[in-house]
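Marked as domain 'Core-binding (CB)' by Swiss-Prot on the basis of sequence analysis: 2-88. For 109-288, the entry in Swiss-Prot reads domain 'Tyr recombinase', with the evidence type sequence analysis. Sequence annotations record features per position, and here Swiss-Prot assigns active site to 148, 172, 240, 243, 266. According to Swiss-Prot, the active site, O-(3'-phospho-DNA)-tyrosine intermediate annotation covers 275, on the basis of sequence analysis.
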């Protein structure tokens, strides 16, 4: 293992132990940093002390030429800047060579969501076995509270307060949130808890796989996609789309951007503001359908 790999391994341990980042986030960091390790090795670097701003810029250019999108490149450079900042804090580097290197601005894509009618159809699944009950409970909780996938699979039974209809989740940056989940979600969690012991696990996890272990993020993605097809939804159903749908429907109903920010666990309001564009799309479609002067130019 080279010094390049050794430093990255140390950094990943720091993120896991000190920062307590989720396994999914750690895997993303690892993938981004493996790309720069490969590039640095190809260019003859033996240690990060040999890396300079020119090399980081060349790395960014090469990544773009290989088809990496602007948003993905921004993520890669962000991971690299964080890594170099850590090396500076460890007195391994004097300065961060990635500090002044920026990715081209990514086009702003509005997140896709599921409309209310389709969401009701998705949730109205045929409950014919314990795993279907579990899936219904997961769908209700994710849509009812707008959870991230990592927050859903990380739920333990001790995080529930069913009497008050709330859950505690650990979000990004180890920030805890206490969230309402609604009556339907509470009812389906209770239904699932009645069946959960059939899997014979002593695991603390709320949602279990058929093997009695904490359900994996990949398994949740697979099951949600399968239910989307079974329920006849035209668009691919994935967990983050339920989070987008929660945010969109909450904003359409309440108009309370700050409240939605708190529920989603966004550190910055600007992250939540993208949903105001979705809300405007909804209002514009209502206007075009209903207002007598909407059909302009005719």
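Keep in mind that glycine also has a Cβ here, set from the backbone N, Cα and C atoms.
For the active-site residues given as 148, 240, 243, the lowest number of other CB atoms within 10 Å of the residue's CB is seen at 240. The two recorded residues, residue 240 (active site) and residue 148 (active site), show a Cα separation of 7 Å. Model confidence over the domain 'Tyr recombinase' (109-288) stands at 80, taken as the mean pLDDT rounded to a whole number. Residue pair residue 148 (active site) / residue 243 (active site) shows a Cα separation of 7 Å. Across the domain 'Core-binding (CB)' (2-88), DSSP assigns 70 helix, 0 strand, 17 coil.
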